[in-house]
Amino acid sequence: MQTYAQGTEIWIKHEEEVWIQAEIVTANDKEIIVKSNEDPNSRIVLGPHEPIFLRTSDVFTSEGLSVLDDLCQLTHLHEPAVLSSLQNRFDIDKIYTFTGPILIALNPFKGIPNLYDEDVLRSFMSTKPSSKPHVFNTANATYRGICDRKKSQTVLISGESGAGKTETTKFVMKFLAMAGASDGEVTNVEKQVLESNPLLEAFGNARTLRNDNSSRFGKFIELQFRSSGKDAASLGVAGENCRLCGARIQTYLLEKVRVCDQQEGERNYHLFYEACAAAALASQSNYSYPQRIQNVKKELTLNLEGFSDLSTFAYLTRSSCKTLKDVDDIEMFERRIHVRHCLSGAKT
């Protein structure tokens, strides 16, 4: 058995907090007695064969608590140390953390000012890799792999429901579209690639108990680039830029059972509710578009025959959840129509 000195800082399990900070009071061959930081007067007895997770004292600088950008730099690399580091970063809105070449993203469930602004995006457009963990940094590494090494690249985005995979995919695509735009100007090709997401979400995303916009299907998105023959002088660095010229999307594993049944508190796919909300405003099944969104050059009359108030559809009323917080289904319906016409080349 390894012996530990009095005052050794460790982590111990906790029913509510998972892990809490503690300090060894005494240790011998039979037991280890520790006190927790939250209750220094208490004493907790650990068995001689229980695993001990050593803890490093927090370091404070003039900017506050020091938080490492890369978990591989931790002195002790184990579960409590990793969770503590991620929690400390999360508390100060640093939601991205490296683990070597892997980027960990924590869903903040709120908007963080200036995290995804266009100026921030462009700051990551460089042939020199940044040391700052960010989804744009990962996207830039992917883009440079295409341009400099002429090799296909893969970005694998995984996580549990509500982790933020859908939004992360959008940010990766946005960066690649901007980086692959001609002279930094987004053309119709880039716009069509980015606007494909809202249509996919309409037919394949739904509200679950954990996420208002949960993808209930998988997708493989292939962005296609060609050599532009131009260097990256606009970035102030050497290298070549490739031009985005097309995309191909393959969908799979659609949750078909959701169409006919949902848990209480969940919804069917977005499009059904959006179309029914629009149909409620239609005159004899004819919907005058637009009624919510602006800057549409061409007005349309849409035939919504077959749609009516959602209360008439059994498959849309399995749950009492009919609407989403801060979401106007009619506005979303019109946005889907706008995107559809943009993708098909219509001028709206």
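Each Cβ is built from the backbone N, Cα and C atoms, and glycine gets one as well.
Copied over from TrEMBL:
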DOMAIN    66-348  domain 'Myosin motor'
BINDING   GLY159, GLU160, SER161, GLY162, ALA163, GLY164, LYS165, THR166  ATP binding site
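Cβ neighbour density within 10 Å is lowest for GLY159 among the binding-site residues GLY159, GLY162, GLY164. Ranked by how many other Cβ atoms sit within 10 Å of their Cβ, the binding-site residues SER161, THR166 place SER161 at the bottom.
When the binding-site residues GLU160, ALA163 are scored by other C-beta atoms within 10 Å, ALA163 scores highest.
Sequence-distant neighbours of LYS165 (ATP binding site) (same chain, 6+ apart, CB under 8 A from its CB) are ILE157, SER158, GLY159, SER215.
Within 8 Å of the centroid of the Cβ atoms of GLY159, GLU160, SER161, GLY162, ALA163, GLY164, LYS165, THR166, where the record puts ATP, the same chain has further Cβ atoms from ASN107, ASN211, SER214.
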